[in-house]
Amino acid sequence: MADSRKYITSEELKNHNKPGDLWISIQGKVYDVSNWVKEHPGGDFPLLNLAGQDVTDAFVAFHPATAWQYLDKFFKGFYLNDYSASEVSKDYRRLVSDFTKMGLFEKKGHVCLFTMCLMAMLFSLSVYGILCCQSLLAHLISGGLMGCLWIQSGWIGHDSGHYQVMSTRGFNRFAQVLTGNCLAGISIAWWKWNHNAHHIACNSLEYDPDLQHMPFFAVSSKFFDSLTSYFYDRKMNFDSFTRFLISHQHWTFYPVMCFARINLFAQSFILLLSNKNVPHRVQELFGVVSFWIWYPLLVSCLPNWGERIMFVLASFTVTGIQHVQFCLNHFSSEIYVAPPKGNDWFEKQTNGSLNISCPSWMDWFHGGLQFQIEHHLFPRLPRCQLRKVSPFVKDLCKNHGLPYSCVSFWKSNVLTISTLRAAALQARDLTKPIPKNLVWEAVNTHG
């Protein structure tokens, strides 16, 4: 019988990549997601930036098997006549299927329960130290414990944004708002919006928000061309002030990380008060505002301003460890200047990620980020399963000649600082330096 299907080419599909006209292909079937973009749980960024191409690998990575049943309502009746999958993609999809059959995506262990209990203990100890102890040391330790609480909150927020850590969606949402918005002051809506974009465009200088830290940091001299951030929809200007900061970024990296949380606070409010479509906006705002009620009240219980400042600095500084960890996995990895593509998913995730080697008893410290490659390839996979699947990913990378980069925690710090230093030195050597003065000469004489 003659094939009655209607076909279009990949070139024709590329024409449907604008807001209001968004088509994607999944395993060669073409879907119109123009209207769905506003309701997409993962935000609009993934669909806006992958539209006009085949996105099978990305779809498989982010969606459970149950999501396939909802695709038909978006089907346009067209198929790609030149659809094909690379050998890497075929092996990757086979791994996803195997892990699904093994039930690994559903076996979440008791990580969330232990983390929630730990958070309750840290919060109680921190409050007890402030309200019931008069010692300066006790107040300092209380600040550090609050920082540890925020770190654990970050792990819960990260996990729950990728998969359901609780028994039901309702409890999962409760855990997100409680641990993120209420206890840490970070909007889970902002986190998902930002983090999904990072996963989709891993290490793209123009599309990955996790590399867009101008004017403080630039991981590549490519930023000196004043690239456009398509995530924040603004130009990342490389002016004289930015050049000065970038020129010393390898010295300022750790100090800035101690206060990086301020940026997360600001970004949360910027999103929640914007005209963007934010699910559960009122709920999100209520959670964040509640943090800004209880935290200042708790700090005000300290006897003087000196101890109050000390407490805040201690909590922020300890949390800075996590902000450093977020950077170690990508700052020194391969970068590119281009929009994300759907046909090199596996390659981009492995090239742009760095694993941290550690014994299993230290997994609690890294929160799953030590298996960054595995996490980027299988973002729905519970943290407790990442070590188990690591050998499979290594073998797949080896079979296809792809990098599987894994170094010690110390080495990852060295690589990150080396990357920042290389860009800093390049910033100083541009052919059009900023107007020099005595301060500039003094600062740059000895590097």
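Every residue gets a Cβ built from N, Cα and C, even glycine.
Unlike curated entries, TrEMBL annotations are predicted automatically.
Across all of the domain 'Cytochrome b5 heme-binding' (5-80), the predicted model scores a mean pLDDT of 91. Among the features that TrEMBL reports, domain 'Cytochrome b5 heme-binding' is placed at 5-80.
Taken from TrEMBL, the feature transmembrane segment applies to 111-130 (among others). Here the transmembrane segment (111-130) has long-range neighbours at 138-139, 141-143, 145-146, 148-149, 152-153, 155-156, 159-160, 165-166, 175, 179, 183, 298, 301-302, 311, 382-384, meaning same-chain residues at least 6 beyond its ends whose C-beta is under 8 angstroms from one of its own.
The transmembrane segment annotation in TrEMBL covers 136-153 (among others).
If you look up TrEMBL, you'll see 174-193 (among others) marked as transmembrane segment. Residues 42-43, 45, 112, 116, 119, 123, 149-150, 152-154, 156-158, 160-161, 165-166, 264-265, 267-269, 271-272, 278-281, 283-284, 286-288, 290-292, 295 of the same chain lie 6 or more positions beyond the ends of the transmembrane segment (174-193) yet place their CB under 8 Å from a CB of it.
Taken from TrEMBL, the feature transmembrane segment covers 253-273 (among others).
Per TrEMBL, the feature transmembrane segment maps to 285-305 (among others). Same-chain residues lying 6+ beyond the ends of the transmembrane segment (285-305) with a Cβ under 8 Å from its Cβ atoms: 127, 130-131, 134, 139, 177-178, 180-187, 268-269, 272, 311-312.
Panel annotation: around the transmembrane segment (253-273), residues 150, 185-187, 189-190, 193-194, 216-217, 281, 284-285, 288, 313, 316-317, 319-320, 323-324, 327, 416-417, 420 of the same chain, lying at least six beyond its termini, place a Cβ under 8 Å from a Cβ of the stretch.
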